[in-house]
Amino acid sequence: MAKGTWSETDKPSVPGFYNRFMWAAENRLNQGTTGVVAMPVKADWGPVKQVTSVTGIPELISKFGSNMDLTAYKLGRLVLLGEPKELLLYRLADGNEKVASLTLKDTTATTPVDVIKLETLYPTDRKFNVSIKPDIVNSSVVVITLYEGTEQLYQFKVQGSIADIVDKINSNSNNVWLKASKIADGNGNLANIVNQPLAGGNNGVSAITNQHYIDAMTTFEGYKKDAFTLDGVGDTSLQMSVQSWIDKNKLNGSDVLAYLGAASNSQIDDINSQSKTFNDEAVINVGVSGIYEGIKYSPAETACYFAGLATGKNIKESTCNEKTIFEDVEPKLSKDEINACLAAGTLILVNEDQSVLVVDDVNTLKTYSSEQSEALGYIRAVKFLYAVDEDTSIKRSDFIGKVDNDNAGQKVVISAFKKYFETLEDNGIINNPVVTIDSDLQANAKSDEFYWKWNANYVNIMKKIFGTGHVQ
């Protein structure tokens, strides 16, 4: 069943549930999230060109490895340290990706025969190597030991024919590294080897282009997500493509926030200029570098952490004045520079009393249309709007094609939505909600159309405290 946005000049023809939001200047709204971040990454392990879900750092390492020179681990870890509910990763590949392999031989004296081909499960140039020798306890058992560099990963203890050995390697539930295929039976005995490398592998990351990222975004369209971030890419042309993609998602009924950031060594004035160019409620632009465990992360990389941090917040929480994982921040901005960043819609961090804090949860929307409130310039408010859109759209399955479009049926729909907004009010998220039929639009509605509207007062968080002292 379809969902998405609508306007009076562009009403969808497909049966579905469509929302629009007209903002009164005095209204301020806020939202929660289900906590899913999507990110394309470069890796030397893991499935290629498909979406993989991870929920914690151990699972990230298991599925993508722990190479700090590639973004799957380096920046996937940053996202997870922000504590979202889930991280969706898409491993990019440039077409040159290739698995590594090693051919095992038998013990034929004159000319050893190729009998088994070992291949890595995924394209990689990881330094896997294999040793083979008889078991010291039972000489009929062959021990195949897999190493990465000098670290032993696993021992396969096998026996029987070549076909039996292949089957035991492939059917081993603990085997998350190799697949084996039979080449020939040979004489049935594997030759001993010592630390022979699996060779010929390629990660497929040296020629990644913007188009590969766009392909990843297209794949992500089929998945539920609340946030999207690039893996540390500060290229403005790609970022503008992300913004267009975010707009496309919104038209199709999927509200997503994009967390982006500047490239290394970008000047703060240039970053602010880019924030003004975005001017979008759904785009966050990070302007400073966070330092964590002695590593300086560019603004674009720091945005990955913030994507996890903001997405993990519930409906009442804000990242304003939030303490982060970072030990320090660069550059250290002056008060005037901080004010300029906030006015431009650039999200920044500051180091106060040995704690690195988010100054405010700004997005890049700072030039407002007549239908937009200043509340839309902050992440917490936009997340609320998106939550209402998502939550009310989910109810479509209860009504579309099941409820008569008469007075009684319309009252059923309004009653259900009133209960939803009353729950938000009871939790201190909004005040004085009003849910009613949109009489003006319903007056000219077609027989299968129903128009409703809602209004509420936004309960903001306290951000500024002003005191006055009198000394007698």
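A Cβ is built for glycine as well, from the same backbone N, Cα and C atoms used for every other residue.
Unlike curated records, TrEMBL annotations are generated automatically.
Taken from TrEMBL, the feature domain 'Tail sheath protein Gp18-like' covers 34-75. Long-range neighbours of the domain 'Tail sheath protein Gp18-like' (34-75) within the same chain, counting only residues 6 or more positions beyond its ends whose Cβ lies under 8 Å from a Cβ of the stretch, are 81, 84-93, 97, 122-126, 176, 203-205, 208, 212-213, 215-217, 219-220, 222-232, 256, 301, 304, 307-308, 311-312, 390.
What TrEMBL records for 94-203 is domain 'Phage tail sheath protein-like beta-sandwich'.
If you look up TrEMBL, you'll see 207-364 marked as domain 'Tail sheath protein subtilisin-like'.
Here TrEMBL flags 371-471 as domain 'Tail sheath protein C-terminal'.
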Tally of DSSP helical, extended and coil residues in the domain 'Phage tail sheath protein-like beta-sandwich' (94-203): 10 helix, 49 strand, 51 coil
PLDDT averaged over every residue in the domain 'Phage tail sheath protein-like beta-sandwich' (94-203): 97
